[in-house]
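Student: Feature table excerpt (TrEMBL):
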- B:114, B:115, B:116, B:117, B:135, B:163, B:181: S-adenosyl-L-methionine binding site (BINDING)
């Protein structure tokens, strides 16, 4: 809501990740909201066209008056040339704030009408949903997918919009369901007042198992089978209205064979893993994961260390919150990083540029400054297969080694191409390791997230050294006692404040007219979290007072802290 | 310093959190020449803070020391000046995840209140997202807008002073997520729906009373929202303690044979590390009701577009 005679306007295209600047020659009044879309299209039609073509959202910033135009253009030239997307905007923002330019976000010209981004493509990672059941799959043509004891092909989902519900028809093909409203069973039916006349004799349903199977074979849809069941139930009419509703819901769940195709998100995947395979994610409940992301202050543009053995769910969640800005370093144990879960998030390719990895067996070397990223021994680590080979050779005697070497050479000759490929891969790995080491060496990471089946104490004490002071860290463990140990050790060692050991409690509710109450079953526990903030360990710089004056006071403060 | 970007050193105009001891903190605005009184003495901003690294120990005039921390939305939630009842981190964490917020999300919020949730939303949606926050109390809206500027997140947020139940959020078809923390959320569901993108999105309503939840759920179902689910989340804190448990003395096992000096002395005890719950905890904050707005069907949406075009002409 401000005026410039010739405003300089900055565009940011989220897909091409290009920054662009322009100036308007006619004086305009800049207002918030939809009116600017109109403005843009009349004054600057080619820019709007540009945005449309790339099918991305465009951010528009009004930077200031015309005097900023040339300097901004010059800066953008450098930025667009030299930096990848993730740095660009943050660099520019910091420059803008350093210039104390009055800048305001005006609008996002989102291409609302364009649905191409919203459609399912072959190769997409999607989530199937039925009721409360989720399953993450990749869309592959002619591939049988098993979901809820039913198999089908996802071929027909390609080209459809995300969020579409499909009906599974004979032959396992999917048919998009028409978005019509199902006429509810609210057409004033008979209902009983209570259940005094209802007997549990197993005779109320006249249809047998075989009858239902024949109905299914005849190609009846779920809805129709449920209708048949109701008509053949002798007690349905005597049930109360509420019980009838419940009966229909139950039968629908059993016989309906619809499946919804959704775009994956942290919420959906966390709930899916918790429901399907809690063992794989160390029983990390979704609300606990939510706490971790918030307590860890995970946000775009920061440098976060992640140590997890939760199939990649935690890593993926962190990456989603960073949105492809900043960097994530996965500290991994053993042969190679596990991140099957990250794939399920279906991130755009540029997210991978922000993901780095570092094997924890090199942490001590890195801390001691003895890690040589050019050394040969580095090559071994990332791949389990490679590692085995290398460790074997180092253990064996020289003669055996030679024999092995010969063997190796022969193999190599046989598969020269493969060998070369491997070499290239190794080289890449070494480069990656070196890049991750550079990120860690500064010991200025902005966040640390740990969720593993390992004892959290050594993990935390080892990795906390890479954090800058005044940065949050959060450690998850399925068990409380190891975290108590962590807490005690950290307290003794210092370097962290606001230590808190917590767990969270979540209860779902059934909300219905006159029938609102907590759901009968609830999760018994979602694991424990230790969170805190790092601080410097060195003693404060004494300004004027001699140290002798300060020391007793420091002790007093310490005492106070402990008693609190 | 910014609430969406870390910096290493303390600068003039920054907000810093002074950590005085366990659970005792205070926010300060760093200003050249200013002084802050703490129970450990005076902190001189120019000398003790400006140019120092966040997270360093600062010695106060009385010789005691404190830590200066970089502000985060979580620390802000614990330290902000209360103008209203605020949302705490446990609820905020779940709201953020269940609304599927991430960098680039466009969010509508009402009411702004003291800005506890707003700061957390801004942190998550930066640098490309936007928050449209609506507060019906003029003074609170102004104060919030001022705070956002001071915290260098002003470019990510639009504060509007209006009644969301009557006037809506002031935007249409832009939001990925809507959050409601108002006395009668059911009156704002329609506005929430129209503020959201046609591709759909997520909505959350926070209400302390179950009657509010009841009405909200009815309104959500009536407006065609799906996946309606109500949850309650509580944080349980475990305070780590070293405790000493005395062992009972049952006297000598075999009175005739055992020499007295091998017996457990009557004052024997065992030391163990354990946790205790706090004497009192927050047992209820509010119910969180989430729902999904399904995508509007194309034909239906086209009508909107045509209507919009006609309005333009």
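The backbone N, Cα and C atoms fix where each Cβ goes, and this holds for glycine too.
Since we're looking at a predicted model, the values are computed, not measured.
Help me picture these features in the structure, burial and contacts included.
Tutor: Non-local neighbourhood of residue B:115 (S-adenosyl-L-methionine binding site): B:80, B:144, B:147, B:148, each in the same chain, at least six residues away, with C-beta under 8 Å from its C-beta. According to DSSP, residue B:115 (S-adenosyl-L-methionine binding site) sits in a coil region rather than a helix or strand.
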Student: Taking the Cβ of residue B:181 (S-adenosyl-L-methionine binding site) as reference, which residues of that chain separated by at least 6 in sequence fall under 8 Å from it?
Tutor: B:87, B:109, B:110, B:111, B:113, B:117, B:205, B:206, B:207
Student: Including all protein chains shown, what's the count of other C-beta atoms within 10 A of the C-beta of residue B:116 (S-adenosyl-L-methionine binding site)?
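Tutor: By my count, 24.
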Student: Counting other Cβ atoms within 10 Å, pick out the least crowded of the binding-site residues B:135, B:163.
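Tutor: Looking at the binding-site residues B:135, B:163, the Cβ with the fewest others within 10 Å is that of B:163.
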Student: Using Cβ-Cβ distances, find the residues under 8 Å from residue B:114 (S-adenosyl-L-methionine binding site) that belong to the same chain and are at least 6 apart in sequence, listing them in sequence order.
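Tutor: B:80, B:81, B:82, B:83, B:84, B:86, B:140, B:144 - these are the non-local Cβ neighbours of residue B:114 (S-adenosyl-L-methionine binding site), listed in sequence order.
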Student: Restricting to the record's S-adenosyl-L-methionine-binding residues (B:114, B:115, B:116, B:117, B:135, B:163, B:181), give me the longest CA-CA distance in Å as a whole number.
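Tutor: In whole numbers, the farthest two Cα atoms are 20 Å apart.
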